Amino acid sequence: MKWMQLLVLRMLIQIVQCGWELFKSELMDSSTFSLWKNSNNSPGSNLLQVCDLQPSLNSKLLQGDKLLSRNILMPTSRAFSKIRISFDIYYINLWSAAESLTVYANSLLVHYEKPLIYDNQDYPLRFCISRPFGKSYPEQFSRIDQEISFNDPNLNIEIVHEGVSAGTTSEYGLSNFILQIFFCEDKCEECDENQCLLCQNGYQLIKNQCICDPSFQYSYFNPYLTCVDECPINYVSDDKRICQPSLVSTVYSDLEEDTFNSYKFKFVADKYYSVNKLMINTVGTKTIGGMFSNTDSIIFDDVNLQPNFKYIIKFNLFITGRISKLYPETIQILFNQYVVAYLADFNKIIFTSPITKSSTAGVPSTCSIPSFSQCTSYEIMIQVELTELVTELMFKTKFQLNTPQRTWGIRNFQISKYEIISSSQPCSNNCQTCNQSEPNVCLSCSGSLKLFNGNCISQCPSYTTVNGNVCDDPSLTQSNEKYLVNMYHDMNFYLQTSFGIQKQLSNSYFMNRIILGGVGIWENEQIQYKFTHKNLFYKVKVQFMLLFIDSTNNQILFRTSLNNELPQYNMYGSSTSVGNQVGQKYFEVVQSVQYMKSFESTNELKVQLQCIKGIDSFAYCGVYDFRIIISECQENCLNCDENGNCMKEIDTVSTNINGCKDGYYKIENQCVQCTSGCTLCTDVDVCQACKPGYDLKFNTCFCSKLKERIDYCEQKNCFHNCQTCTNTYQNYGIYRQYHPKNCLSCDESKNLWLNVNQCSCLDGYFMEDFSCYLCLPTCLKCYQQARTCTACHPGQNRILDKEQCRCQDGYFQEDNDLVCSKCSNLCQNCNFTKDQCNQCYSSQYRSLHIDTCICMDGYYDVGDLNCKKCPSKCKTCLNETTCITCNEDQYRIMSIDNQTCTCQSSYFDLNYQDTCEKCHLSCQECKLSNGFKSCTRCPSTREPKLQGKEGAFSFECKCRRGYYESNQQECSSCEDYQNPPKTHYCYSNCGDGIVQWNEDCDDGNNIDRDTCYQCLNGNSFCLDYTCTGCQAGQCTGCIDGFYLTQEFICQPCNSSCKTCVDRANNCTDCIIYKENDSGCLMCEQDQGFHIVDSQCVSICGDGIKVEQEECDDGNIIIGDGCDQFCKIEYGFKCESNCEKTIYPNILFEVNKSEKKFDKERVVRIKTDSAVSITGSISSIFTFKVNNCDDYDLTYVDLTQYSNQFTYLFLELTLIFKQSVSDPELVCQIINKEAILNQDGNSFAEKNYMIQLNEYIQPSIADQQATDGLMQLSKYVLYLLFGLAILAFLFGGLNIFWNLLDALQLISYLKFFNVYYPYNLNNYFTIFGFAQFDFLKDYLDLETLISQYVNTPDADPKFRDEGYSTVFYVNIITVLTVFVTTFITYIACKVLLSTLTKFSHSFVYVPLNSQEQSICTFFIYRVTRNLQIQLMRFNKAFTSGIIRTFMAVAFDYNLALFLQLKDFELSDPILFTSFLCCLVAFVIEIVFISMAVNFMSKPSYVFKQKFNIDCFGAIYEGIKLEKNPFTYYFNIILLIKKMLFMMCLVMFYSSPCLQIGLVSLLNIIMALYLIKISPLEDKDEQFKQVGSEILIWFTEMLILAFAINEQSNSLNEDSQLIIGWCVITLTSILILFQLFIDIKQHGKFLINEYSIIKKFIQKLKDMIMQKPLQEEQNIFLKRRRRMGIENLTSQTNIMTSKFKTLSNYKQGRMVTFTVSSNSSS
């Protein structure tokens, strides 16, 4: 049978006051059948059948149907989260496999079950006396018990018989339906089994309880709990924030009126930073006291608060400004100068105090105070119970300094005395009254509820006795007895503790209660409980009622055991019958079981319960009224015996057998230490005695010195800036040590002042290394450095600009004056003097012209500050009536009077518009219209077409005779028109009878006497348009503007005449009259004038200079000295011709390689031409640095004064003493006449300036740390060089080649295009030796080349290090290395020959010299070793060349790619440089290709001596194994160097890509080394991998600098920290290399030299205390000694081979052979 598990017994069950309660119990008998309905919606009573169950109760079953349903209304007064549904099911008759029962709750599947199928056999168990419902098949039994989450107001239970078919005989019946509800706590709207999830509206869920908001609200019972923002009148909050009836009276008040002019408090201003001028401000329509800031205080010194009374302090607090993110700002409240409370602003007021009973900071609300931002107001209420007389109350500010918007104010200040006259306590869980400290533990219950074990329940358990509405429990007889388990008494159960069980059993229903086990459930199973109690116990009593069900032969047993000890058995025979209650026809029996055991104390208990039915096949067990009672040991006892006697008393720092020791108080069964300074206390804030140095005030221990409650009262080891502090903590931070935030007061003698909790320097000082130093005199405040200003002195006329206090607009610094002097009113800014402007006010309509602000074009000076606008027709003017120049874009020129602007020729004025309109294209001049009939003057190829009376003023300009219209101003001449068509005007054919353009007549003949001869009339000369009359073929009169000559021809008058007679200048009417009207003003073109619009104006560009012109060079070209307006241009002199004035000029030369961290700058000042110098330099020049106030400047005069005219040469040395972002060096000429060039001209400018590079001054700590690390790294490098020298002398130099590669790579990291901080920038300088570019200092080829060609600059970092884009310049260092290698080779051959001759002197030793000199032998040995090394070097010369090439590969490729990136082919030198670069690049590619081909040969080739000597450098140190990838290690290394330089140079402009690609090379190389392991030496392999990884990490950190240049997210300190990390990694790399190299070289020397090996062996022998054998002859004893191996025996010395030498009687021969593996 499959049973559903219940949640009554869990693996862990926790106590909660909310819990399960019985809600419905139905189907116990037939009285509730009618509440259930079947599928026809008929009540269940219609289906009532008598089952005649075996029990004597004659119980009845509710007959099932296809659908049974029950609708239940759930409780609405209390919230619930879960329900438990349980009932019995009887399966009757035969069920098919397809049939099942499904239980739904509100359509939610709750249970699904199928009965067992017995193949039509009778089921032996009989629940009914006769078959129910007339059926004849057996029945089965099942108990449904399901728990679901549920909180709907209505429950609809549906039981569906599924799979039923027609003719089925299956039936089922129901009984014992129970519905339990899991109720939430009071005021809880939604909960789960363990905690409340949502409270009812108006309540806050705090610590799993639904209560009023403890921060802003009070609890008020009227009569039910209500949350209020303020207690009603005559009510005061108690310690629990519950409004209690009270007597309240006001004893002190101030600042209460809506508007007030007086106040009782005294204001104590901040000594240095107070900005409060007014004690009263306005908020809306009301006034407040304040606003207070910094460390301001106010004192109410007229209060008189008597002790042993309770008081309420209320006021409205107003706070402005933003809260500080760096400082914990507070407002302190002091009683009698003791700090008793703190108001902290964290976007809401947080109130803390050691003496208050209750406090409230109301809900914040916005307010508005003039001149202040972000105002927030709070209503503050503080309740205190005083034990001391209070005569002074102070509010003390601790706000961040220099935050003028951060202030506070106060109003409605009131102090009231109160006394609570009665008390009420809110209770939960249906309690009428409850424990004050535990509201959910009931003391009494309301209504019909019964009080049991602190809970209010509906019915007392059966084992208790009812005393009124209290359930008395007789089981607990001693005060130290406690329940571990107390359950299964009725339809509910009550959990007492947490416990676990190893096996779960379901529950069932028996005699109106829930029991453990029961029919069909508990048979032969054993369950085991494991309990853990918080206290020790020594005795246990287990009590329960044991139930035996349906025992047929009385053989069933029950076993009870504690802690696996001998069990107790309960037999069937000792039981009492309760009749047939359940199951079959047999009676059930019960018996009371009691099991008691005493033992040594423990806090764990195991209980085993087992039902043993034996041969009673259908018997079952059950348990109810289950209780486990323990007896606890005495409190604070660590161990007690079985009688409860304490065997070991607790004795800890805080606790003994009597409870908490002095200095501790008890809370929740724990002893907690009293607060600082308190030696005896009863609660956290109730102290009764204090330590020495503390004052007991207001039940609190205050530090006597500080009158504040702090942990550290000794005040002996405060941080040196703090006079008093809260603790002894000194500093923190990894890189930069920060000022501790624990100060309470500061040492003013050090210019310090308290800034909330840190000591800050006073204004005018900055902090470095926790000491205050003066700011620059111009800085009111500064930060970290004297020059980094954050505020300026207002009286110095300065403003803050880029952390510098500079003169504000309109002021200038005169010499070294601190106060800026005012510029002239015309200058917006000026330099050096008030009239030397460098910027003008645009609002004054002025512009800068040679240090002077003049009126800009279109304006003129009227003597005021502001220029007045010229007339709209003037470009520039002298006054409002006199123009100087005209606007060309208005098509205007100066009039003849040189005062007004008139329209140019072919333009006319229209309706007073500024811009002239163009005349009709046929007009030379016109009047008021651009129509073709408005002309007043015609071009030379046109003539007026008169129009009556108005013809004198306006006419049409038609083409003259012989000209035709071409739609241009001038007509085209017919004479230029070849072969015109007959229809064209210019066609002419005399004699055709048609009069054409060049004919007077055409009569078709050529008779000369018929008045028409050759198509001309006799008076043809009169036909000109200028003739007004004709007689006898002669003109008799001319039109205006012409005069008649003696030849009767009309000639034009002078342009100044309207009319004239006899001659051109004999005017009878003038265009322009003289001022005295005495005649015409002659405007002659040959005198440089012409008439324009009846005005005589000068002609600019005609080469004739007139009075109105400054110059006239015959053109209007700009830039030749005379401009288009005939004005002399700047820098020229014009007489008959304009010549450029040559002024001497100042040239500045700066060192481009200077870094921003270099405080010393050298600037050279020269003149661009030879000058004569009169007087001393100091009398001619002054030098200063703009934007910097602290510097030293000296100069050296390097001018050669041998001739009258020489070039000025000064060398200035500038030393900065402070950081400066944009220094500007100014050379001021104070005596111009003292320096003249050969033309007699002095300087054109008064001041010459050059912008210098920024200077950043590192801190002293940074300098010291950087210098220290650099020195350490240098020492390590010196050690490495020493090892390299030893390796050269004794072999093993190949070990250090890879070291050189690593150091070279580090040295090139400085070329990454990023900004390095000071520490890293300086650190990289120590690796310059690893590059070969230092040779450029001695071979400066660039200077030589630059004399002939302008070479383009390399990228900045390469340029600063002296690199060029010319291959010739960069490759010279590499060539020098190769040349040096060849010279070394030649020197080695010469030295070898010399040493060979020298060593011959050791071959023959005098016979009479029996004792050999150690010194002689040592010299011989060194000589021999040198010979061997030199022989090796000579043999391996080719390999050495290859090794040299690989060593200089970095510099080689740098030269290549610098040329390839920036090449110039226009110049022959640069072109050949580029060609050489290409050749060098091809050589490298060919070398790599040949090396790859060589390394592809079989492995035996590499063992041949010739290949070792010539090409060994390609594969030295490599494992020549089967893996071919190992063969190419050195080639891959060379390719990596090439790619490194390519990425470094070609991607310089993209720093992130540049660094990313380079780092990718390193990580790929590291992976290659790890995967392939190409090196023979494991140490070298480890060194290579470690170096690549460390460099990769270094590059990743450098990448952060590149990212920062785009995001600007790192401040200077962060960059320094990353710099230290890079330095650390590179230092680790160097030390790592040193360690491995020492180890490698030590191994090499031991293997190569036996003397070292023997020396080490002797040391070992000495350590092991082995006797040493002395040798008599250092040459002959032993075969190897002092590094010498005697390869011949004593008898072989005089062999036949050397017998010829025996004739030498005075000597003997000794043969020495160098003991070296390398020489064999």
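Cβ from N, Cα, C; glycine included.
TrEMBL does not curate its annotations; it predicts them automatically.
According to TrEMBL, the feature signal peptide maps to 1-18.
Feature annotation from TrEMBL assigns domain 'EGF-like' to 190-228 (among others).
Feature annotation from TrEMBL assigns domain 'EGF-like' to 426-457 (among others).
Per TrEMBL, the feature domain 'EGF-like' maps to 632-672 (among others). Remark: secondary structure over the domain 'EGF-like' (632-672) totals 0 helix, 20 strand, 21 coil, with classes taken from DSSP.
Sequence-distant contacts of the domain 'EGF-like' (673-702) (same chain, at least 6 residues past either end, Cβ-Cβ under 8 Å): 335-336, 338-340, 354-355, 384, 386-388, 654, 662-665, 667, 708-711, 713-714. Summarising the annotation, TrEMBL assigns domain 'EGF-like' to 673-702 (among others).
If you look up TrEMBL, you'll see 774-808 (among others) marked as domain 'EGF-like'. Look at the domain 'EGF-like' (774-808): DSSP puts its residues at 3 helix, 17 strand, 15 coil.
According to TrEMBL, the domain 'EGF-like' annotation covers 826-868 (among others). Listed by sequence, the residues of this chain that lie at least six past the ends of the domain 'EGF-like' (826-868) yet keep a Cβ under 8 A from its Cβ atoms are 807, 809-810, 812, 814, 874-880, 1130, 1226, 1228, 1246-1247.
Residues or ranges marked as domain 'EGF-like' by TrEMBL: 925-975 (among others).
Feature annotation from TrEMBL assigns domain 'EGF-like' to 1000-1051 (among others).
Marked as transmembrane segment by TrEMBL: 1275-1300 (among others).
Look at TrEMBL and you will find 1312-1332 (among others) tagged as transmembrane segment.
Under the heading transmembrane segment, TrEMBL lists 1367-1392 (among others).
If you look at the transmembrane segment (1440-1458), the same-chain residues 6 or more away from its ends with a CB under 8 A from one of its CBs are 1297, 1300-1301, 1304-1305, 1308, 1331-1333, 1354, 1358, 1363-1365, 1367, 1370-1371, 1373-1374, 1377-1378, 1381, 1385, 1433, 1477, 1480-1481, 1484, 1487, 1511, 1513-1514, 1530, 1533-1534, 1537-1538, 1540-1542, 1544-1546. Sequence annotations record features per position, and here TrEMBL assigns transmembrane segment to 1440-1458 (among others).
The transmembrane segment annotation in TrEMBL covers 1470-1495 (among others).
Here TrEMBL flags 1527-1548 (among others) as transmembrane segment.
Per TrEMBL, transmembrane segment is recorded for 1554-1573 (among others).
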For the domain 'EGF-like' (190-228), the number of residues DSSP places in helix, strand and coil: 0 helix, 20 strand, 19 coil
Composition by DSSP (helix, strand, coil) of residues within the domain 'EGF-like' (826-868): 3 helix, 19 strand, 21 coil
Counts by DSSP class (helix H/G/I, strand E/B, coil) across the domain 'EGF-like' (673-702): 0 helix, 19 strand, 11 coil
Confidence summary (mean pLDDT) of the domain 'EGF-like' (826-868): 88
